[in-house]
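Let me begin by presenting the structure, written as structure tokens, before commenting on it.
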Amino acid sequence: MAEPQHGVSSTDVKKIARLARLHVEDSQCGAIAADLNGILAWIEQLAEVDVEGVEPMTSAVAMKAPMRADVVTTGGIRDLILANAPKSDDGFFVVPRSVE
Amino acid sequence: MTDLTKMTLAGALDGMAKGEFSSVDLTEAHITACEAATGLNAFITPTFDLARAQAAASDMRRKSGDVGRLEGAPLGMKDLFCTEGVKTTAASKILGDFTPPYESTVSANMKADGMVMLGKLNLDQFAMGSANETSCFGPVINPWRNGEDLVPGGSSGGSASAVAADLCLGATATDTGGSIRQPASFTGTVGIKPTYGRCSRYGIVAFASSLDQAGPIAKTVEDAAILLQSMAGYDAKDSTSLNETVPDWRAACGQSVKGLRVGVPKEYTIDGMPKEIEDLWAEGIEWMRDAGAEIVDVSLPHTKYALPVYYVVAPAEASSNLARYDGMRYGLRVDGENLADTYERTRTEGFGDEVRRRIMIGTYVLSAGYYDAYYLRAQKVRTKIADDFRNAWETCDVLLTPTAPSAAFAVGRKINDPVQMYLNDVFTVTANLAGLPGISVPAALDGSGLPLGLQIIGKALDESTVFTAAGALEKAAGFTAKPSKWWS
Amino acid sequence: MFIAPRVADKKDWLSGETGDWELIIGLEVHAQIASKSKLFSGASTEFGAAPNTQVALVDAGLPGMLPVVNEFCVEQAVRTGLGLNAQINKFSRFDRKNYFYVDLPQGYQISQFEFPVVGEGEIEITPEDGEPVIVGIERLHLEQDAGKSVHDLSPDETYVDLNRSGVALMEIVSKPDMRSAAEASAYVDALRQIVRALGTCDGDMEKGNLRADVNVSVRRPGGELGTRCEIKNVNSLRFIRQAIHYEARRHIEILEAGGEIDQETRLFDNVKGETRTMRSKEDAHDYRYFPDPDLLPLELTDEFIAKIKADLPELPEARKARFVEQYGVPAYDAGVLTADKATGDYFEALAAGRDAKIASNWMMGELFGALNNAELGLADSPISAEALGGLIDRISDKTISGKIAKDVFGKMLAGEGTADTIIERDGLKQVTDMGAIEGFVDEVIAANPDQVEKAKQNPKLLGFFVGQVMKKSQGKANPKAVNDLLRSKLGL
Ligand SMILES: [Mg+2]
Ligand SMILES: [Zn+2]
């Protein structure tokens, strides 16, 4: 299989993991990079296809968005909304502090 | 009384209608079978008490003359469908304790039709996998054996295994790249993925939104039609739901295929495919010809790019769809030193290896600098794949192909080679990309006694013709084999 | 890449140690659509509800929940686009903007990136101290709001309320066409007036229904564009001006010291009047926009757009021009009277069939003054246009004088009734009976013989006599008649 045009480096792995909020140990980066490169190398064959002037297909249904009327149909279900919360208090979700 | 678990769904509905047995009888027989089959690991959450209550209620309804399409039938629910008050895990640790306060449209439709739910069925984690080995509740075992434990295929492995082992009369499943049809092929069952938009995605834990589609796994083509009829229908809560009436698919099953133009795509012959599968395909072509169909050679030139397209589009959508699992509002939270650390610990511990791998790929192909080369290009090639089908429909009405490039394989055999694992979906994934209906019908046993399926792909919204062709194939194949009941 | 051809007026240049600088400002305004339910869910948008009581399952990002677009919100975006003289895109699409934040339940914001519903447009603004300026609109797109984080309920945790999650916003992006804080604030004010006139957003900046992200950079007048900083979520016109002043000075100081500006997002601290860095660079975002696969493209028909166009109300700028033309009021007054729809409507009701100049004087003078003192808005005015009209009518038909009218106005304000009731009750009707006036005049002349002699020498003393007569008549004598009579009797 051909070498990928854009090989993923260990630094890239760190960056991707950071974007995806996944933790990777420094020691794993090489292996993960190799794993991703294996898959990306296989995906690279898409470069063979002539896509000049071809519209991207973003949905399997060729229709326009259906629209709903501006009517209040739900609400007042706080207990259901919070039912699975790891932590809640006084009607709020409680999460780790998001500002210093 | 005969073994009620051996019945087809159609037969069981008929038996209850005639008063030969009750839903309670039928449900108890299936619960007994389920309890004996824990070794298959098909269920994540059995709901036997709920099933008993539903069966009793169903019998009452029947007495009052209120009989739904699935009245009193004990069925299984893939654990990707949110079920109100019943744990819904997607076979993940991150949703390991999640109990939705709402019901998916598909399961709600089936409830309204009188379904009895035996439990939530195991699957590949977040439906990502082709062998049902990525579940955090352990792999599902195929009731078919070959001296060793085999995978049932995936991601709807629990559904396929349960139906094949007669633990339920039918089951729901979902198919993003082949997750209904490939396990059906591996377990000697029938599985149909309808046209994208036929079944509402509302309340189904999303994997790849533009590809995900629900459908049933069943014992026969007719049973699949009965189940799909109940599952399908327009739903205003899903913007991609098709506002089309659902035809009488059960009636389509027995129709003649005389004059039907069956396309045979030459690109579906691939290197390394076992000769047995090639021979079975040829046999299938003959069966259709004998039944009066016209066989047409067609070309779908971009077939070989379907899997690479899929492995860009599906992970991209998944990386975004799975961002909501962050430990803040529901699901697992692993406390860290600060917010960033909590996010990372939660998601790293909460997702399995394959899920994390796909999130990484998806994040990468959407990221700045790579979007055009990967994601945008893949979406353009997807257009060409859909165009291939449009061209094919000029000369044929349905396509006949193998369902999968192999029979079921041993547990653990391919888990460490992602690309080898992905190749399982090579014949099924094209229908997802183009949004077309596809069905797998069990056609024969291979040399080692494992089932193999053939696939019919149809035009969008033309499930009727797909059922007709599948019915003819089923009849000609006369597949009646069952796995020996080694697990109980 | 943006270009910024217009060079600021010299008066708007900022002087530094090393010479003059010019400000370049562009704004992204988030305007909350005045819809009943959210952009993609049926939960209410009502302000001020208890936490998490206006949250649909989809607003909380629960598994398997799907968005369905609110047609009314799409209409309002188009309506606003038409009000901005902008291109309406018949094809547009929703994209996902991916990032993690505790008040972003789905892990992405549904927005419009590549294909916004509204494209380029322009509006005219008039800064307080300057000439009208045309500001280009780059685009308007629809997107959903995030939830609200509360940091003061616990020292080491954040409390999250998702009531705002999913509320429909229009993000209106300007071109970098503004050159001073006054222009920027005039632009936001003009936008506010437009959306209020259209009824697409209630424009209440205090409630956060209209908030601005301000992009600021400086350059040498007419020179190369500098690096810009974005100041997020500034929610009053005054703060916008303050933030721009502060930020411009900061840039100039750094540049003059030989430093470089980091392109970054900043926050405005409205207590200190300063901006500060919002995010560290290691957190640099890569939003990975892609088309939302849960939604399909918006495809608007010509009929859909035409229908909205047909019931577009008159916009502030057009109304202002009409007021000048139709009522003959000065441009400045017309601007005040069209500042919002209710004011314009009040004026038109008041001016109908009356002298428009008297109407505008009464409205801008007495009425606004009184409302201001009472800290009331026009909507809460105790005097309706009809009631004020009734008062003006009594001046015009000479039932009362302008002076008496002011007293009557005060009583109307205190809720004592209509002008007619008060005039009747207090017997304020102007005395026009010449016999009665003559009586008063004779009495006054008889009582002040010395003054009469002086007045004959110095006609300026006439005022003394007028005052005495008015006093005798308790202000009700017609002043002109008094004047005429006195002149003839004193032989002036
Ligand atoms: Mg912005
Ligand atoms: Zn925005």
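Including glycine, each Cβ sits where the backbone N, Cα and C put it.
Whatever TrEMBL says is automated annotation, not expert-curated.
What you see is a predicted model, and the numbers here were worked out from it, not measured in a lab.
When secondary structure is read from DSSP and collapsed to three states, B:Lys78 (active site, charge relay system) falls in the strand class. Residues annotated as active site, charge relay system in TrEMBL: B:Lys78 (among others).
Per TrEMBL, active site, charge relay system is recorded for B:Ser155 (among others). For B:Ser155 (active site, charge relay system), other Cβ atoms within 10 Å of its Cβ number 36. According to DSSP, B:Ser155 (active site, charge relay system) sits in a coil region rather than a helix or strand.
Under the heading active site, acyl-ester intermediate, TrEMBL lists B:Ser179. A simple way to gauge crowding: the CB of B:Ser179 (active site, acyl-ester intermediate) has 38 other CB atoms within 10 angstroms, across all the protein chains here.
According to TrEMBL, the domain 'Amidase' annotation covers B:25-466.
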B:Ser179 (active site, acyl-ester intermediate) falls, by three-state DSSP, under coil
Excluding its own, the Cβ atoms lying within 10 Å of the Cβ of B:Lys78 (active site, charge relay system) add up to 33
Expressed in Å to no decimal places, the gap between the Cα atoms of B:Ser155 (active site, charge relay system) and B:Ser179 (active site, acyl-ester intermediate) is 5
Model confidence for the domain 'Amidase' (B:25-466), as mean pLDDT, reads 97
Spacing of the two Cα atoms, B:Lys78 (active site, charge relay system) and B:Ser179 (active site, acyl-ester intermediate), in whole angstrom, works out to 11
